[in-house]
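Over in TrEMBL, the protein carries these features:
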BINDING   Asp12, Ser13, Tyr44, Gly45, Asn76, Thr77, Thr187, His188  substrate binding site
ACT_SITE  Cys75  active site, proton donor/acceptor
ACT_SITE  Cys186  active site, proton donor/acceptor
Amino acid sequence: MSFNTNSIGLLDSGVGGLTVVKEISQILPKERMIYFGDTAKMPYGPREPKEVRSLVTDIINFLNTQDIKMMIVACNTATAVGLNYYQQKLSIPIIGVIEPGAQAAVDTTINKKIGVIGTEGTINSKSYEDAIKNIDPSMKVYSKACPLFVLLVENNLINTKEAKEVTKSYLTPLKEKGVDTLILGCTHYPIMEGLIQEVMGPGVRLVNSAKATAQLTKKILTKNKALYNEKRNPVHRYFVSGATAGFERVANKWLEGNTKAFRVDLEN
């Protein structure tokens, strides 16, 4: 690959994939990113797999017009229901967030009891469980769908009393199973990592799939000689399918900058 000046494309149902943007910015500070948040169709978790694949394919086709050298499906639900499908659409590398997170969890656990939290779509697909068992069949995996977490993050409600109560109700069963490692199996969840850690306690290590995905991104770009090596302060671009204000509010807080998003209607 000779097009190392091109951007990294990322997509998610909303703001969750910004956790991947943040991690990539830290380990690959010269790389430029183009992000699409499908905020008009968020959340993806309750949607049928076929519908999610169709929505994601439209986004991939859009991002592919933006001079990208690699694509990251920065959404666990979208990864779970169609990563292989998307990979057949483009000639550039396309990765998801599940395999990197699964490997990190296996590397982290001591007692071989791993918890996974995610959307209904991700949990029902058993994608994390399958990925973990493929790496090490002796692992015990306990999964829990936490659908309200995405709404708490998207609506900037993670610091409320209600958020703490919801988090306790979701996570208590996993605590009782004795997991020592918990995969944040939705890219929205690292935004509420502090609350999740507080509820799980200091004895449980959280695996942030966004961080593992950023490390895999660096590995792939290095292998393909596609890293950007010149001096620059990259300007990232953000596109959304819904209103921009809510996205910008969460993005500015999470990325600690002045994020400007542009609305794009992919249906026309």
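A Cβ is built for glycine as well, from the same backbone N, Cα and C atoms used for every other residue.
What you are looking at is a predicted structure, and each value in this text was computed from that prediction instead of being measured.
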Conformational class of Ser13 (substrate binding site) under the three-state DSSP mapping: coil
Cys75 (active site, proton donor/acceptor) versus His188 (substrate binding site) - Cα distance in angstrom: 8
Remaining residues near the recorded substrate site, that is with C-beta within 8 Å of the centroid of the site residues Asp12, Ser13, Tyr44, Gly45, Asn76, Thr77, Thr187, His188: Gly14, Gly16, Gly17, Met42, Pro43, Cys75, Ala78, Thr119, Gly121, Thr122, Val150, Cys186
Neighbour count (Cβ, 10 Å) for Cys75 (active site, proton donor/acceptor): 34
DSSP-derived structure type at His188 (substrate binding site), helix or strand or else coil: coil
Where Thr77 (substrate binding site) falls in three-state DSSP terms: helix
